[in-house]
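Please read the structure below before turning to the comments.
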């Protein structure tokens, strides 16, 4: 463990080597991108993996995300048939899904520390196996108590999909490319939630609601097989800090000049790698090592709650949670609106309308991810090579228009009976705005406090899912105002909340400066590499 200079501002990294002060670079468009965090010389360091190996890992994370997303949301469009068949009131079915969302967040206080201590691979596999079992169990549930209990257990088992996937991405990709893959993750997270009701309607029409859950179990079990053979462990304890290294690079006027490394693959250090590569059988170990002490394991179960005192983390969770609220409001009203006059869509046609949100989510995550990475690099060139996490937030300007406009189009359009094409277009814009806000919020939190990414994401998800759980009880009373008034008010609420990014751009760095001594103290406790 190295000595940490607690005067360094967390999140401020030297991203573009405008003065040619370090050899740990990647040539891009005739300017050197500094590799942050700096890879070690260990051949088993995930940052040193080949491009193909990294992409295979991301494919596995996306397979996991899709499987869990389908298994947890496929029943949203068939709750009424479930109620008719089992006699469980619709209110209880909705309450169960609310509890599931709550435990998807708070369950991370147990699952995440275990993953960071003993290994992420084993936790992922146990999670998808548990989700498979619960999908198979659902058709046999007959009482309200069984339903609530099954949703709580499912929420707990599936927590990695909310807070661990982002950390796995940060394990293998550098700061200048991380946003692209966070955007892809956001696409698959929400995209699977939109895809599930699309297929559920057709399965229900052809085979009944039991087979909706059986097919979800089949998808999860197939994913389990793929993940068992191809997903690797990405935990790695490194003895350096991303922000400390990067800022120190920029502060060394006498640093040695070196040649830039130009490559089209994932950049690696210019020195020789050391160590013995893990064999394939070693990579298949369920839990491949020990990455934290028992003391740190215990500390990580409560410290995410303490981290909510950091304004940056709380804001990221609140902004992300607000995006999820609009997603929940859309889900709660889509079937109601499109199955009534003048549309009269049957379940399968309602599912097809989710193609609009799928396209919108793709556009939103591409903009906030791939475009966002390039925007951050370009902005860093203008600020002497230093990238501040707040730079990327300027992309939220687009949401100032998309968020209120889409909500008003959806609500007012439904109340006036406009063409279904207009409503689907509104659904797509809501989804696009959700993708932008979610991806940028996650990236902002990770960029600000990368060295504690595991605990930071736990804190963000606690805020996000608690907000989502609470709003679930307010959607129905809110709709009593009528679609038009409800969504006009929602549009202005969304606009007001989105505008807070301007406050964060102004004061975010001051907040990070104020938190630096406490943050670096936490990092020094041994959380590096997680």
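Glycine is no exception: its Cβ is also placed from the backbone N, Cα and C atoms.
The transmembrane segment annotation in TrEMBL covers 55-79, 91-110, 122-141, 182-203, 209-230, 306-329, 349-372, 393-412, 418-444, 456-475, 487-508. For 57-509, the entry in TrEMBL reads domain 'Major facilitator superfamily (MFS) profile'.
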Candidate ranges 91-110, 209-230, 349-372 - greatest C-beta contact count to the transmembrane segment (55-79) (under 8 angstroms): 209-230
The transmembrane segment (349-372) and the transmembrane segment (393-412) contact flag, 3+ Cβ pairs under 8 angstroms: yes
Leading stretch by Cβ pairs under 8 Å, where the reference is the transmembrane segment (182-203) and the options are 91-110, 209-230, 306-329, 456-475: 209-230
Seg_contact(the transmembrane segment (456-475), the transmembrane segment (91-110)) with at least 3 CB pairs under 8 angstroms, min sep 6: yes
Tertiary contacts of the transmembrane segment (91-110), as residues 6+ beyond its ends and Cβ separation under 8 Å: 72, 75-76, 79, 82-83, 144, 147-148, 150-152, 154-159, 161-164, 301-302, 304-305, 457-458, 461-462, 464-466, 468-469, 472-473
Stretch with greatest number of CB pairs under 8 Å, the transmembrane segment (306-329) reference, 209-230, 393-412, 418-444 candidates: 418-444
Intrachain residues whose Cβ lies under 8 Å of the transmembrane segment (418-444), provided they are six or more past its termini: 166, 178-179, 182-183, 186-187, 189-190, 194, 312, 316-317, 319-320, 322-324, 326-327, 330, 334, 337-338, 343, 345, 353-365, 367-369, 372, 389-390, 392-393, 395-396, 398-399, 402-403, 405-407, 409-410, 457, 460, 494, 498, 504
Positions on the same chain near the transmembrane segment (209-230), where near means CB under 8 A and six or more residues out: 56, 59-60, 63-64, 66-68, 70-71, 74-75, 78, 81-82, 85, 124-125, 128-129, 131-133, 135-136, 138-139, 196, 199-200, 203, 284
Folded-back contacts onto the transmembrane segment (393-412), same chain, C-beta under 8 angstroms, at least six residues removed: 326, 330, 333, 367-368, 371-372, 375, 379, 422-423, 425-427, 429-430, 432-433, 436-437, 440, 444, 483-484, 486-488, 490-492, 494-495, 498-499, 501, 504-505, 508
